[in-house]
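According to Swiss-Prot, the protein carries these features:
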type	residues	note
TOPO_DOM	1-16	topological domain 'Cytoplasmic'
TRANSMEM	17-38	transmembrane segment
TOPO_DOM	39-51	topological domain 'Extracellular'
TRANSMEM	52-72	transmembrane segment
TOPO_DOM	73-84	topological domain 'Cytoplasmic'
TRANSMEM	85-107	transmembrane segment
TOPO_DOM	108-116	topological domain 'Extracellular'
């Protein structure tokens, strides 16, 4: 194994790389979601919300859920209980973040809907 190969996997155990990538994406989504909730609920400044990037955010969250699901399936094939619990937790967190983002988007659409 060359030194580049070791750097590429960051010395994680096999199968954990997908779960860690999903965890990193979860933290990014959490930051964007917290900013949007703050702009929507606290300061009511809707121009700073991430409406222009909704498609990218939803697609990124679906990719994150897919990576977490693949990491969870790989963890189920191993005998490590900690890895299984960690992977399932990341999968559940990503799924919850997806539905929270979806609810916030629909809430914002209903709030901004013009009534004549």
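Yeah, the Cβs are placed from backbone N, Cα and C, and that goes for glycine too.
DSSP places the residues of the topological domain 'Cytoplasmic' (73-84) in helix, strand and coil in these numbers: 9 helix, 0 strand, 3 coil.
Residues 32, 57, 104, 107-108, 111-112 of the same chain sit 6 or more residues outside the topological domain 'Extracellular' (39-51) yet have a Cβ under 8 Å from a Cβ within it. Residue counts for the topological domain 'Extracellular' (39-51) under DSSP (helix as H, G, I; strand as E, B; rest coil) come to 8 helix, 0 strand, 5 coil.
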